[in-house]
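K.L.:
Below: one structure in structure tokens.
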Amino acid sequence: MYGIEYTTVLFYLISFVLVSYILKTITKMMDYIIYRETFIIVVLSVLSNAQNYGINLPITGSMDTAYANSTQNGNFLSSTLCLYYPSEAPTQISDNEWKDTLSQLFLTKGWPTGSVYFNEYSNVLDFSIDPKLYCDYNIVLIKFASGEELDISELADLILNEWLCNPMDIALYYYQQTGEANKWISMGSSCTVKVCPLNTQTLGIGCQTTNVATFEMVADSEKLAIVDVVDNVNHKLDITSTTCTIRNCKKLGPRENVAIIQVGGSNILDITADPTTSPQTERMMRVNWKKWWQVFYTVVDYINQIVQMMSKRSRSLDSSSFYYRV
């Protein structure tokens, strides 16, 4: 009996020693592998910082120009540019190859073929609802039209900033704005927005909640309206629901990868006077209106200076000018 117990103890002791030896051997092997891989990674990282001839050399058709030899990415060689323009532009140009021509001209400014995308929009309303600002840099050309100054100005405020928006059910609820960054954005073919401020007893202040005719009108037959009311006061709203929608939005901050070029007009529209607009580099500019070819030539000529005032996109590819959250 004692012999069996001694044998059992001896078996477990030998097993423990054997397992310890195996684990120690495996540990040494793992240490060797880890140290070796670390050494290889360090050596490769050092070599990768060396000059890499030809990687960032733009092909312009001529090798006479001296280019700085660098391993850093060029400013535009890995970037995309979206150019948005009204539908009247290609109609006036009347040239099926005008985009190819502009692509070749952008190439002379350092933008490779295939990095510039041309996007047409029919009107301010359609563009404001779904702008599709997908590129690293987005430049919007807006033709100045008398009588549409307000729509253009509010479109600029919309797409030059990022917004977080919720749908509003004005038939069931009262709404209030909680700060300067909180606005109500209405869109449609014809938006008329009326409001009735309420006191703590939900009685109208200067208006009757049961009589829409007594409401104050804050937007009249507009395609796009960014409505601002007194903060921290409940309001009952009325809109032309058949031709308009309204959302409760909060301005998150500037969208620095978007710029607007106003085409024509005596003065450039200025949105920096808005108290919700933080001090920032001006990304609205104006070019003289002559012909659309002249406008595009001007854009190509100054494209790099324009982009210098912008910041490259940092959000997802599928980013619009406002986020719609249910």
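Positions of Cβ are set from backbone N, Cα and C atoms, glycine also.
Checked Swiss-Prot, it gives:
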BINDING   D95, G206, T214, E216  Ca(2+) 1 binding site
BINDING   Q177, D228, V229, D231, D301  Ca(2+) 2 binding site
DISULFID  C82-C135  disulfide bond
DISULFID  C165-C249  disulfide bond
DISULFID  C191-C244  disulfide bond
DISULFID  C196-C207  disulfide bond
CARBOHYD  N69  N-linked glycosylation site
SIGNAL    1-50  signal peptide
K.L.:
Show which residues of the chain containing C207 (disulfide bond), separated from it by at least 6 in sequence, have their CB under 8 Å from its CB.
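P.N.:
Correct list: C196, P197, T214, F215, E216.
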K.L.:
List the residues of the same chain that sit at least 6 positions away from D228 (Ca(2+) 2 binding site) in sequence and have their Cβ under 8 Å from its Cβ, in sequence order, or write 'none'.
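P.N.:
Listed in sequence order: Q177, K183.
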K.L.:
Ranked by the number of other Cβ atoms within 10 Å of their own Cβ, which of the binding-site residues Q177, T214 ranks first?
P.N.:
Q177
K.L.:
Is it possible to get the count of other C-beta atoms within 10 angstroms of the C-beta of D231 (Ca(2+) 2 binding site)?
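P.N.:
11, counting other Cβ atoms within 10 Å of D231 (Ca(2+) 2 binding site).
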K.L.:
Given the binding-site residues D95, E216, which one is most crowded in terms of C-beta atoms within 10 angstroms?
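P.N.:
Answer by Cβ density within 10 Å: E216.
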K.L.:
According to DSSP, folded down to helix, strand and coil, what is V229 (Ca(2+) 2 binding site)?
P.N.:
coil
K.L.:
Between the recorded positions D95, C135, C165, C191, which lies closest to D231 (Ca(2+) 2 binding site), Cα to Cα?
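P.N.:
Nearest candidate: C165.
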K.L.:
What same-chain residues, at least 6 away in sequence, bring their CB to under 8 Å of the CB of C82 (disulfide bond)?
P.N.:
V116, Y117, N119, L133, Y134, C135, Y137, N138, I139
K.L.:
Quick check: of the recorded positions listed here (C165, C191, V229, C249, D301), which one has the Cα closest to that of D95 (Ca(2+) 1 binding site)?
P.N.:
D301
